[in-house]
Amino acid sequence: MERIRDLSSKKAAVIFTKSSCCMCHSIKTLFYELGASPAIHELDKDPEGREMERALRALGSSNPAVPAVFVGGRYIGSAKDIISFHVDGSLKQMLKDAKAIWL
């Protein structure tokens, strides 16, 4: 859990993913298209990935635990949540508030 907190606070936008996850790819692409440059942590390529995945579930991440998105050091949700925030316009404002994007 400590590693999740540490990694999620190092950059304005952080996404925990798995390299083979299509929804993870979609969320990363959305962030890039909005002008953000999130830190990406591929759990399937990290020796502590399984442990971090359990920690993400404990934070309230859904099943599957990825993508798990943090903005401004705060967990904001998984793919379903991020798409909802994008549709209602609040994702862009969250990214602006966290200084992950400027425009």
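Yeah, the Cβs are placed from backbone N, Cα and C, and that goes for glycine too.
Copied over from Swiss-Prot, here are the features:
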DOMAIN    1-102  domain 'Glutaredoxin'
DISULFID  Cys21-Cys24  disulfide bond
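With a 10 A radius on its CB, Cys24 (disulfide bond) counts 24 other CB atoms from all the protein chains. For the domain 'Glutaredoxin' (1-102), the model's average pLDDT works out to 94.
Listed in sequence order, the residues of the same chain lying 6 or more apart from Cys21 (disulfide bond) and placing their CB within less than 8 Å of its CB are Pro64, Val66, Pro67. The residues of the domain 'Glutaredoxin' (1-102), classed with DSSP into helix (H, G, I), strand (E, B) and coil, number 50 helix, 17 strand, 35 coil.
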